[in-house]
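Quick notes on the structure that follows.
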């Protein structure tokens, strides 16, 4: 029996081996990716990977994860479009699949997923500044991950129909949390993009403005907030597993980012944390 007394904010898990397996795989794989970031084993689309690659060319011994081994390369902008567009298409298409999105909660969740990935695509096209390349296999891996998580989140929500509703309804608070997350993430991505516009060169600078005055990665903090918005809207075990795994991954990535800035800039303020103001 599902322990609703202790977990009053979740639907009981559906009788689906696939959803149960994906919940465990998503949580473990994302948490492991966060640990890999802490250990210096970075995805091949990050600035850290390019630094590591340069070090390897000069005889360094650090490793790269997720590509960079001589395969086909895409321009970074094209690679990120490949990463995000399929998940956007899946979220939007769910409304056209008969019976896939029934009820207010499922409709809001699918709409939130579509808004999330539409925002990402628009940022790639109009906000972010790119100067490098991305291995095709890395873009394909990220794309597959986002597509699977989007489809599975919608499917898990579909399977929750007919199950007992959680005693604690977090649907509309979740909409607010999601809106805060997406707005904060967009604003801090805009601040990051201004570094290139204002400086006119490709070198990295210490970001300023907003919560960059307190943490290295406020855009990740708000992305985590948005994912917990998904979890509150859906109230499924899978959505919570993805949100928790995302938090673990981005926490590791934030700590790696702070460490990178501190090593690159002697004037980097010691008071600035990695992800959570005054805490982490």
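Each residue, glycine too, has its Cβ placed from N, Cα and C.
In TrEMBL, annotation is done automatically, which means it is predicted and not curated.
TrEMBL tags one of the stretches 237-256, 257-276 as transmembrane segment, and that stretch is 237-256. Checking TrEMBL for transmembrane segment across the ranges 15-35, 36-56 points to 15-35. TrEMBL tags one of the stretches 149-169, 170-190, 191-211 as transmembrane segment, and that stretch is 170-190.
With helix defined as DSSP H, G or I and strand as E or B, the domain '3-oxo-5-alpha-steroid 4-dehydrogenase C-terminal' (172-280) counts 77 helix, 2 strand, 30 coil.
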